[in-house]
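Below is one structure, written out as structure tokens, with a few remarks after it.
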């Protein structure tokens, strides 16, 4: 026991440790998701770009996660401080929850539960947010594989992790967040992750233009399948950690809406199964096996905004159409000449579909405010989910994200440039940036320029 420091036994009960382990498993799920994404992208790109794709992806993740640590978690806790009536809530939240703040640098048993309830869990949840931000930045990179320069990729990751992602989360993620407290519903972070990355990826791929040469789908299909398999394993681990587990009381969605782990887990499974069945049908119709391995993921993303409030049969019904939405988004990308085989079709299409369907599935359910707040603008479960509110919030977020993404990407394009040179792209980014992978085979620098197609089409 540390001398001179008071110990609060309420912070280290068996129930507290159960909650801690629950969220640690969620963190593990996000890391597994990063590994899965890396394998998926390594399977999509040409062999001459595999090393750079992996390295640049993890650099983007690391930079984004580090940037988030500066004000990200503090800015997210700002909403909770507002709900609890803490004086100067933003300043206090940033002071308490920055990387150098006392709440992240004091052992849980020495933090007063009257001021920091569930300290261990809150600290682990900070790590959960950091890892999720890393995953968001890695997903952003996926839209520009094989042609995106490293410097703009790093700058975008820093801006996303340090400013933009925390702003989106403050607006849409958490029971007292600005839009959630008005009735907008989200659970896994559909707006902060899938809709956000889908829009950002769309604009980035548009400004970058198509790749010179696109790898054959069949070349690296086993690696892509392994990545999809790992992602399917990761989903049931990190999704439950997106809610509040209160030992002895119950499980709640992140919007402090009523929920339950058993029904939630069943809904996750049925969303994956529905996407798998539908994806198989689409795959055979289109003659493209990619839909078989990505179908379950599309089914899950299609339900990500409302899994905590859905009944299992509702998750199956909505998830079944996820691969169809993915196929339609992919067809649209090919029609307008945008080379993005994964992010826009898989994230933005089903993600937007999920955001809208949350207003139907959750219509009439109560959420918002915060635990133990009984009156005022942040009273517990004072807000009602409606389709109109959901649609209005979705439009606001889509437009807002699109404007910010365009400004950032356009400025980078016109200043330092986004795309590697044609010569660098032809010889391969492994040889361009990593001298160990230089080759004397001059045939590697004379690739045939192909008409852009999508790996999922």
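Just so you know, glycine gets a Cβ as well, placed from its N, Cα and C.
As given in TrEMBL:
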type: TRANSMEM; residues: 21-46; note: transmembrane segment
type: DOMAIN; residues: 23-432; note: domain 'Ammonium transporter AmtB-like'
type: TRANSMEM; residues: 58-76; note: transmembrane segment
type: TRANSMEM; residues: 121-139; note: transmembrane segment
type: TRANSMEM; residues: 151-171; note: transmembrane segment
type: TRANSMEM; residues: 191-209; note: transmembrane segment
type: TRANSMEM; residues: 221-254; note: transmembrane segment
type: TRANSMEM; residues: 260-283; note: transmembrane segment
type: TRANSMEM; residues: 290-307; note: transmembrane segment
type: TRANSMEM; residues: 313-331; note: transmembrane segment
type: TRANSMEM; residues: 343-362; note: transmembrane segment
type: TRANSMEM; residues: 391-412; note: transmembrane segment
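Of the Cβ pairs linking the transmembrane segment (221-254) with the transmembrane segment (21-46) and spaced 6 or more residues apart, 3 or more are under 8 Å, so the two regions touch. Taking Cβ pairs closer than 8 Å, the transmembrane segment (290-307) reaches residues 185-191, 194, 217, 224-225, 228-229, 231-232, 235, 239, 264, 267-268, 271-280, 282-283, 315, 318-323, 325-327, 342, 346-347, 349-351, 353-355, 357-358, 361-362, 455-456 in its own chain, all 6 or more past its ends. Among residues of the same chain six or more beyond the transmembrane segment (391-412), those with a C-beta under 8 A of the stretch's C-beta atoms are 152, 155-156, 159, 164, 168, 171-172, 179, 182-184, 191, 195-196, 199-200, 203-204, 207, 352, 355-356, 359, 418. Between the transmembrane segment (21-46) and the transmembrane segment (121-139), three or more CB pairs separated by 6 or more residues in sequence fall under 8 Å, so the two stretches touch. Nonlocal intrachain contacts for the transmembrane segment (343-362), taken as residues 6+ away from its ends with a CB within less than 8 angstroms of a stretch CB, comprise 139-140, 142-143, 185-186, 190-191, 193-195, 197-199, 201-202, 205, 257, 294, 297-299, 301-306, 309-310, 314, 318, 321-322, 325-330, 333, 385-391, 394, 397-398, 454, 456. The stretches the transmembrane segment (58-76) and the transmembrane segment (151-171) meet in space: the count of Cβ pairs below 8 angstroms, excluding pairs fewer than 6 apart in sequence, reaches at least three.
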